[in-house]
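Noted in TrEMBL for the protein shown:
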- B:6-224: domain 'HpcH/HpaI aldolase/citrate lyase' (DOMAIN)
- B:Arg66, B:Glu129: substrate binding site (BINDING)
- B:Glu129, B:Asp156: Mg(2+) binding site (BINDING)
Amino acid sequence: MSKLLKLAQAGTVESSDILITLAPADAGTGIRVELVSPTMQQYGAHIRNLITKTLVDHGIEDVLVNANDRGALDCTIKARVITALQRAGE
Amino acid sequence: MEKLRRSMMFVPGNNPGMLLNAGIYGADTIILDCEDAVAITEKDSARNLVFQAISEINYGTEVAVRINHISTPFGWDDLKRILPAKPDLIRLPMCQGPDEIRQIDEFISEAEHKHKFPAGSIKMMAAVETPKGLRLAYEIASASPRMVALAIGAEDFIANLKTTRSKLGRELLAARGQLVLAAREAGIQCIDTVFSDINDEEGFKKELELIKEMGFDGKSVVNPRQVSVVHDFFAPTAKEIDHAQRVLAAYQEALEKKSGVISLNGKMIDLPIVARAERTLAYAKATAGKGGK
């Protein structure tokens, strides 16, 4: 998949989870991540990079990401991004 | 000694907090649940999370996945997504016959080949939850060499019987007995249903006493608090271990003396008693340091 067809969401705002919202964007927009996290100072850059890498690995070039993190670990972040992507392509 | 499965602990497959900590409670097997614990709108989410969890977390114990039944729109998708992460065990709910086991077995074989996993390394177990499944329990148990255990799922079974669940469990007596017989005939393990009232510890212990006497190898649990209680129950007591050691010593002595009749404290010992003593000691050894007494 290289293009999102619709707005999609995955995850929750419960502890240890992350709520990911993906919105289609025009060509050339790039991957823009808006992140809220209680661990922004320590892990903000890491979370952004992980979200971006997961999207790039799935061939996405243009997307608006809203991520509401509640202390999710890497495996949760990846799983939620992938689920949102699958839902956006349905 | 076969793999211990005294406690098989269900963990909701779409709950990251519970999923990440599932390994710390000492359960012999953790079952990451994609079925009943997951809302119908979140099945995709759960299978992605379970896949990532198995791929990235070292649970240090056997990891099973309860998939949705293959007759639902989710069962085959669960398998497709999760098998590449190489779970130790696939648990099929609501099993109605050996064909289902054979179909899944074939699907797992293809995945093992594709991902270069050793053939036969992903095991299977099935939960019987209907009268039809119970009637075919032996056929289910022996339908694939991957099968390591049968389990009973009480709530659906009781609903199918048109009765209700009681503290004494008389309504399940016949089903439990038949299931143990089928599992033993097929040479695999037999796991009891969950006890869902986590605050009724006395009731839980009574049920454990019953299923241990009936020959079950373990119990499905829904709460980490139940794990150590189950382990304590299934561990041989000091008295049982002492008796087993004395039986084996008497047997050894009789062999050395070429004596035809063996006795201990005036009671005759025959080969089934020796076999039981050997099993008690093997079990004691296997459970030592693993949350048993």
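Placement of Cβ uses the backbone N, Cα and C atoms for every residue, glycine included.
Features recorded in TrEMBL, as mapped to the structure shown.
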{"residue": "B:Arg66", "record": "substrate binding site", "Cβ neighbours (10 Å)": "27"}
{"residue": "B:Glu129", "record": "substrate binding site", "Cβ neighbours (10 Å)": "25"}
{"residue": "B:Asp156", "record": "Mg(2+) binding site", "Cβ neighbours (10 Å)": "18"}
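Cα-Cα distance from B:Glu129 (substrate binding site) to B:Asp156 (Mg(2+) binding site): 6 Å (rounded to the nearest whole number). Over the domain 'HpcH/HpaI aldolase/citrate lyase' (B:6-224) the predicted model carries a mean pLDDT of 96. Across the structure, B:Asp156 (Mg(2+) binding site) and B:Arg66 (substrate binding site) are spaced 16 Å apart at their Cα atoms.
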